[in-house]
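As structure tokens, the structure follows; a few thoughts come after it.
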Amino acid sequence: MKILFLGDVMGRAGRAAVTSHLPRLRDAWKLDFVVVNGENATGGMGLSEAHAKILLDAGADVVTLGDHAFDQKDMLAFIEKEQRIIRPMNYSKAAPGVGARVYNAPNGRKVLVAQVLGQVFMKRPFDDPFSALDAVLRQYPMGGQVAASLIDVHCEATSEKMATGHFCDGRASIVVGTHTHVPTSDAMILSGGTAYLTDAGMCGDYNSVIGMEKTEPLRRFITGMPKSRFTPAMEDATLSGLYVETDNLTGKATRVEMVRQGGRLQQAGPA
């Protein structure tokens, strides 16, 4: 299978990058399945129903969330009726929606998509992500009930993301990190056959401070004093993520490529 994962969509610029590039890439790269992290698509804080529909209409098969999952209150109800959106598995048990689901790809193959939140340096305590992942990967072994599986690891600490990758190695097709908005350059296939990337970066304007217009973050770093709210940067955005090809029998990764399309970053993608 040919699978594309896109990192955190950041505000209007990020949404524009998805709607501008994803339909073209879906055709040009003959993608079988696309997962997009929509965590910051609405003003940099959460995802609204309207903006979720924009990402889905642009070609996302599944949209994942993160620690800002319910910052937009209409998501509380929308996630219950829109099965193509998932929130982290180790969120509060009282939270609506689910954190893992098996989807039918357009080519008829089944794909498991799951998401967990990290615990290191995160503002709120969440349940153990490793036990949550262990349970779902035991239930849906790749090459068995599912043709491929993708895990979105929404974490602050690179060490926790890397540990999660090794924990899932040979059990998931793809483990990809989100949350920091800065793409790492360590895309690889681990020894057990799992495609891994510490952070997919963001779909957003990189002439910014992690997607926010520069003035207010700089003021706070320099003076230690806030003056106004952060606002998402609005210049030309880069689509950032990970492209993976998997074996149809085993579910293991056979190819991995960084994706950077449009905007300021050095361009990358499968040739």
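Cβ coordinates are placed from backbone N, Cα and C, and glycine is handled just like the others.
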Of the candidates His179, His181, the one that TrEMBL places in the Fe cation 2 site of Glu39, Asp67, His154: His179
Matching residue for the Fe cation 1 site, where TrEMBL names Glu39, Asn40, His181 - out of Asp8, Asp71, Asp74, Asp134: Asp8
Packing count at Asn40 (Fe cation 1 binding site) (other Cβ atoms within 10 Å of its Cβ): 30
Per DSSP, three-state class assigned to His154 (Fe cation 2 binding site): strand
Cα-nearest neighbour of Asp67 (Fe cation 2 binding site) within the listed binding-site residues, Asp8, Glu39, Asn40, His181: Glu39
Cβ-centroid neighbours of Fe cation 2 site Glu39, Asp67, His154, His179, 8 Å, sequence order: Asp8, Asn37, Leu65, Gly66, His68, Pro88, Leu117, Cys155, Thr178
Inter-residue Cα distance where the pair is His68 (active site, proton donor) and Asp8 (Fe cation 1 binding site), in Å: 11
DSSP-derived class (H/G/I helix, E/B strand, else coil) of Asn40 (Fe cation 1 binding site): strand
